[in-house]
Structures are given as structure tokens and as C-alpha cells.
Amino acid sequence: MFLNKKHEVILFKFEQPIPYLQAWGWQNEWQEHLITNQDAPEAIWFLQHPPCYTVGRNSNLNLLHFNVSIPPEPLYRINRGGEVTYHGYGQLMIYLVINLQRHRIDLHLYIRTLEQTIIDTLACLNVTAHRVHGLTGVWIQNQKVAAIGVGIRRWITQHGIALNIKCNLSSFQSITPCGLMIQSVGELDEWIPTVNLTEIQNLLQYQLTRNLCFNFRHPTLDETFRK
């Protein structure tokens with residue numbers, strides 16, 4: 001989409017749910033690795049989390065419809081933009097730790113590119129998705145199926161995309177998702193009842209290769225250990 005030069009990216013995939021703080025720790029570690037090693041490969045994770053809620057660095061806690069001292073699921077304040085959201089089984093997380101300077105794009109264009117990657121992926125499944133002007137994320141009709149939140153330090157990103165595939169939508173009723181007072185949260189299962197997680201991951205990998213010029217590879221044994 002931007003340059004023909006391919007960027008080496010290590011792809012980590014997990015079948016079993018990964019606790020939120022563990023995955024965030026991996027991102028912090030790889031972000032620091034990229035900051036101190038300018039030629040180090042970038043990294044992406046495809047995974048799911050056990051149920052939890054996260055709030056962005058400047059989130060309004062009034063958007064949580066429960067007592068924060070006794071949340072229904074673990075609650076974490078993290079260093080991404082955006083408001084409160086829910087994570088859980090059946091929601092695919094795509095975490096990207098990449099150097100935006102390598103890709104010669106700014107944060108705004110990066111977020112739009114992540115949105116386009118989801119739109120392109122769903123188009124491959126004959127589902128029409130779209131943006132909503134002034135908001136971040138991806139919608140099918142009037143239902144938001146993908147949320148995007150990004151943290152950045154010295155042009156190195158963290159966090160990424162939460163794509164609802166077949167998850168417990170009732171858990172979103174305990175919050176005002178992404179700070180929108182009128183918002184309908186959806187999942188791909190409503191439009192694609194036979195949706196397959198492996199197929200979604202493969203399509204996302206292909207679209208990320210197209211849109212951000214990634215050259216994916218599997219982690220080595222050493223890299224697997226340090227994840």
C-alpha cells in the first residue's frame with residue numbers, strides 16, 4: 001500500500017487464551033526491544049483473552065456500569081488511546097508492535113490502515129463493512145464489529161485490533177463501549193454463521209501483508225522463549 005519494501009515481522013499465534021497482562025507484557029518487552037535495536041524484526045500476535053475489561057489512559061470511569069472495586073471481570077487501565085472495552089473468548093486480538101518510521105506513516109494513517117485491513121478481510125468473505133465518520137473502528141451495517149486502540153512510544157506501536165467473531169456480547173452491557181452512548185456491538189457470527197477462526201487469521205495475515213508490506217515468518221526457538 002505504501003512501499004514495495006517488505007518488513008520482517010514475526011507472527012505469534014496462540015490457540016489457548018492468554019491472560020491480558022501476560023500479552024501486554026510481551027508487547028512492552030518487544031517495544032523496548034525495537035527501541036534499543038533499530039534493526040530488530042517487528043512482531044504481531046493473534047490471540048484471545050479470558051474475560052476482562054480495559055480502559056485507555058484517559059478513559060472516563062463513568063463509562064463503567066459497575067463498582068470498580070468489585071468488577072465482574074478483571075479490570076485494567078492501560079496505555080492505549082480510546083475508552084473502555086471488553087475482551088473475552090471468541091474475540092480475536094491482533095496486537096502489533098511495529099516501527100511507524102520504517103513504514104513512513106503517521107499514527108492517523110496507521111489507524112486508518114488497520115481499519116482498511118479489517119474491511120478488506122471481510123470483503124474476502126463477501127461481507128461489506130465500513131467506517132463511521134469521526135469514529136474509530138469498523139462496522140457492519142449499524143453494528144461495530146472491530147475496535148481499534150493504539151499506544152505509541154518513540155514511534156513504536158502497541159495494542160491494535162479487537163475483532164468480535166463469536167463472543168459474549170452481553171458483557172458489553174456492563175460498559176459504554178468506546179465511550180459511545182448509542183452503540184450497537186455486533187459479531188461476525190451474525191453475518192457468517194460458519195465463520196472459521198483459522199480462515200479469518202489467514203485472511204488478516206494476507207491483508208496485513210498487502211496493506212503494510214509485511215514479510216511474515218515464524219519465531220525461532222529463542223524468540224519463542226522470549227515471547
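These residue numbers are counts, starting from 1, taken along the chain as shown.
Each Cβ is built from the backbone N, Cα and C atoms, and glycine gets one as well.
Per TrEMBL, the features are as follows:
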type: DOMAIN; residues: 38-216; note: domain 'BPL/LPL catalytic'
type: BINDING; residues: R80, G81, G82, E83, V84, T85, Y86, H87, A147, I148, G149, G160, I161, A162; note: substrate binding site
type: SITE; residues: K144; note: site 'Lowers pKa of active site Cys'
type: ACT_SITE; residues: C178; note: active site, acyl-thioester intermediate
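Within 10 Å of the C-beta of I161 (substrate binding site) there are 22 other C-beta atoms, taking all protein chains into account.
Rounded to a whole value, the Cα-Cα separation of K144 (site 'Lowers pKa of active site Cys') and R80 (substrate binding site) is 19 Å. Around G149 (substrate binding site), the same-chain residues at least 6 positions away in sequence with a Cβ under 8 Å from its Cβ are G56, R80, G81, G82, T85, T136, H159, G160, A162.
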